[in-house]
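These notes concern the structure reproduced below.
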Amino acid sequence: MPASQRKHRRGGFSHRCLPTPQTAMTPPAGPPDGGWGWVAAAAFAVNGLSYGLLRSLGLAFPDLAEHFDRSAQDTAWISALALAVQQAASPVGSALSTRWGARPVVMVGGVLASLGFVFSAFARSLLHLYLGLGLLAGSGWALVFAPALGTLSRYFSRRRVLAVGLALTGNGASSLLLAPALQLLLDTFGWRGALLLLGAITLHLTPCGALLLPLALPGDPPAPPRSPLAALGLGLFTRRAFSIFALGTALVGGGYFVPYVHLAPHALDRGLGGYGAALVVAVAAVGDAGARLVCGWLADQGWVPLPRLLAVFGALTGLGLWVVGLVPVVGGEESWGGPLLAAAVAYGLSAGSYAPLVFGVLPGLVGIGGVVQATGLVMMLMSLGGLLGPPLSGFLRDETGDFTTSFLVSGSMILSGSFIYIGLPKALPSCGPASPPATPPPERGELLPAPQAVLLSPGGPRSTLDTTC
């Protein structure tokens, strides 16, 4: 064979085995939607090592109050500050992720959160704990949650809500595991040793971030935003659908977090003992976790549009809080409080069903290219309500003598937000049958305006046809 032919064949073989740069950079037709379970596992761990750890941290507060000779109210500000910083600064994490990618941002956030615990282990005053756990660890958590959850939404389309629901169960699973583990660490090593070891555990957020492989999709902007306002995604508020969603979510947040703080005290006010109150909280948490998976699967079937499910389960959550607040006084501390347990299960099921929907509907509202920024903004909006709701509930408890009015007001706020969701596209059925035109690609946002098209949920071709006038 001539040398020129051999050279040509070697060149052809090299071309077939090694794709050109243009081929390597070509984005896929859509989210992979399969074979990427490790991304959901990473988001599951991120949720557990942020929200789950934050919920368990209260076990250390009695030791901190005794050591520094401060009140329980003073130590409670540690978790309140951490939660406020984590949620309010989430748009910053989204902006950095949009500019530099989720992987480095989440890895840096894991290091910051770990340093916050290590710094706090050497605290000489509560101010050091406010700075370490509240500011430093809270800032680290702000860099991990929204980028991880937004990246997860980019990897899935047909199974997107189920994947989000699975990731959000990391909160409950982590609480069940970390709570007894933290108590054991406190009994064995004291609060300083426990915080050091929690710093080592929190450092596992870094490898979780390393698993978030960047993914280019057709709906992505050609270049990352350069201005800070564009990176934060504030331009999303100019879209009518997202503005409606933002207003409804802020109202829902005002009542959604009240049971996190006051469900156990409400059970004690109703006459239950300590173990009975703990059981009420436990059954609500179990119902919440199970409903996140079931509702995620249901939403991905495409039988009902996501905005309609969001409005329905939001309203059921508000009604569930009404029922919890109106449960009568039980017999005594020996009673297990059957009516209150049933009400707590109903509330947990509805609240858990709402949680994956509030994030799963975002790609349809803003397009897949803006989902990371939208996730950070949603966290900020819910933080506004979360900061106002529990203090208002406590004020009403002080004024009325029980939590009945608190839960009624909280449920009313959630119902008001759910009513606003009715203004979202596809939230209400229309009045006549329609033919099935082509569905806009999910990368664009299937709930964004499209001329002469019936817009379907992420279920794709299996979605049930809606109606139009």
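Any Cβ shown, glycine's included, is placed from N, Cα and C.
Remember, TrEMBL labels are computer predictions, not curated facts.
The annotation compositional bias 'Basic residues' is assigned in TrEMBL to 1-13.
Annotated domain 'Major facilitator superfamily (MFS) profile' per TrEMBL: 36-429, in sequence order.
Here TrEMBL flags 1-31 as region 'Disordered'.
Long-range neighbours of the transmembrane segment (35-54) within the same chain, counting only residues 6 or more positions beyond its ends whose Cβ lies under 8 Å from a Cβ of the stretch, are 79, 82-83, 86, 106, 113, 141, 144-145, 148-149, 151-152, 155-156, 163, 166-175, 178, 198, 201-202, 204-205, 208-209, 211-213. Residues annotated as transmembrane segment in TrEMBL: 35-54 (among others).
Per TrEMBL, the feature transmembrane segment maps to 105-123 (among others).
A Cβ distance under 8 Å defines the sequence-distant neighbours of the transmembrane segment (129-149), meaning residues of its chain 6+ beyond its ends; these are 42-43, 46-47, 50-51, 54, 57, 64, 75, 77-94, 96-97, 102, 105-106, 108-117, 119-120, 123, 164, 167, 202, 205, 208-209, 212, 359, 372, 375-376, 379. Marked as transmembrane segment by TrEMBL: 129-149 (among others).
According to TrEMBL, the feature transmembrane segment maps to 161-182 (among others).
Proximity of distant same-chain residues to the transmembrane segment (194-217), defined by a Cβ-Cβ separation under 8 Å and at least 6 residues beyond the stretch ends, is recorded for 25, 27-28, 30-32, 38-39, 41-42, 45-46, 49-50, 53, 60, 101-107, 109-111, 113-118, 120-121, 137, 140, 144, 147-148, 151, 154-155, 182, 185-186, 368-369, 443. Residues or ranges marked as transmembrane segment in TrEMBL: 194-217 (among others).
The transmembrane segment annotation in TrEMBL covers 272-298 (among others).
The transmembrane segment annotation in TrEMBL covers 310-330 (among others).
Among the features that TrEMBL reports, transmembrane segment is placed at 336-357 (among others). When Cβ-Cβ distances below 8 Å are used as the criterion, the transmembrane segment (336-357) is approached by residues 161-162, 164-165, 168, 252, 256, 259, 263, 267, 270-272, 276, 279-281, 283-292, 294-296, 299, 306, 309-310, 313-314, 316-317, 319-321, 323-324, 327-328, 330 of the same chain, each at least six residues removed from its ends.
The list of residues near the transmembrane segment (364-387) in space but at least 6 beyond its ends in sequence, with Cβ under 8 angstroms from a Cβ of it, reads 31, 83-84, 86-88, 90-95, 97-98, 102, 145-147, 149-151, 153-154, 217, 219-221, 231-234, 236, 239, 241-242, 245-246, 249-257, 306-307, 358, 413, 424, 442-448, 457-458. For 364-387 (among others), the entry in TrEMBL reads transmembrane segment.
The transmembrane segment annotation in TrEMBL covers 407-424 (among others).
Long-range Cβ contacts of the transmembrane segment (310-330) within its own chain (Cβ-Cβ under 8 Å, at least 6 residues beyond either end) map to 248, 252, 255-256, 258-259, 263, 266, 270-272, 295, 337-340, 343-344, 346-347, 349-351, 353-354, 357-358, 361, 403-408, 410-415, 417-419, 421-422, 424, 427.
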